[in-house]
Amino acid sequence: MASLWLLSCFSLVGAAFGCGVPAIHPVLSGLSRIVNGEDAVPGSWPWQVSLQDKTGFHFCGGSLISEDWVVTAAHCGVRTSDVVVAGEFDQGSDEENIQVLKIAKVFKNPKFSILTVNNDITLLKLATPARFSQTVSAVCLPSADDDFPAGTLCATTGWGKTKYNANKTPDKLQQAALPLLSNAECKKSWGRRITDVMICAGASGVSSCMGDSGGPLVCQKDGAWTLVGIVSWGSDTCSTSSPGVYARVTKLIPWVQKILAAN
């Protein structure tokens, strides 16, 4: 195996900040030059969170799905000693009104395999709820039968490396627009590693990279941004001609709903 970089909206979200509709609109310059991404508009991806260890090191992304819950990748290995940082754009700034949220419980999908990277999803129950605002709100979850066809133009965001050999990750949240691929097309690059609980995007001059893991791949549905993928793995050089691989959220929704209902 190549050295892989392991990279229904709830009514409780409240009418003021409905899911998937940022108060500050994102501006995506189509298939822009996160490798070959661009700075996001500050606050325009309000569900994007940074997962940080106790030293403040950003190691993965995640997405708010309600005031109490964050979804990320299982391979991120989140612990309750880590924190969720919401409302952040520039990790080099002390001026932002960020929320540093403790994690009460980590629910890793029991079917996750580090060998196949199947079922790469973890849910984080926050110890104290996020306070929704202009820059902090939830992404919509798809239903299990939602269809997001190949060719759909979607967006991914994160503080991951902008070059695979970069010494550090960018301070400012990066974004890129990229098309979904069919699994058949994706298998041309990745072969049998691609399973039905994965979805591919990119190979279009942009790529997710190390540090983006756990973050969102979102597509618009009925005018609201919906979580279609969770950044999972891809080329060890973050090649922009190889598709990035994401956990396919529609296939994982039954497990998500079960955990949310029981907790």
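Glycine is no exception: its Cβ is also placed from the backbone N, Cα and C atoms.
The disulfide bond recorded by Swiss-Prot for C154 joins it to C219 [selected from C76, C209, C219]. Of the listed cysteines (C140, C186, C200), only C140 is recorded by Swiss-Prot as the disulfide partner of C19. For C200, the cysteine that Swiss-Prot lists as its disulphide partner among C186, C238 is C186. Disulfide pairing as given by Swiss-Prot: among C76, C238, C209 connects to C238. For C76, the disulfide partner named by Swiss-Prot among C9, C60 is C60. Between the CA atoms of C219 (disulfide bond) and C19 (disulfide bond) there is a gap of 13 Å. Each of the disulfide-bonded residues C209, C219 was scored by the other Cβ atoms within 10 Å of its Cβ; the lowest score goes to C219.
Among the recorded positions H75, C76, S93, C140, C154, C186, the ones whose Cα sits within 10 Å of the Cα of D120 (active site, charge relay system) are H75, C76, in sequence order.
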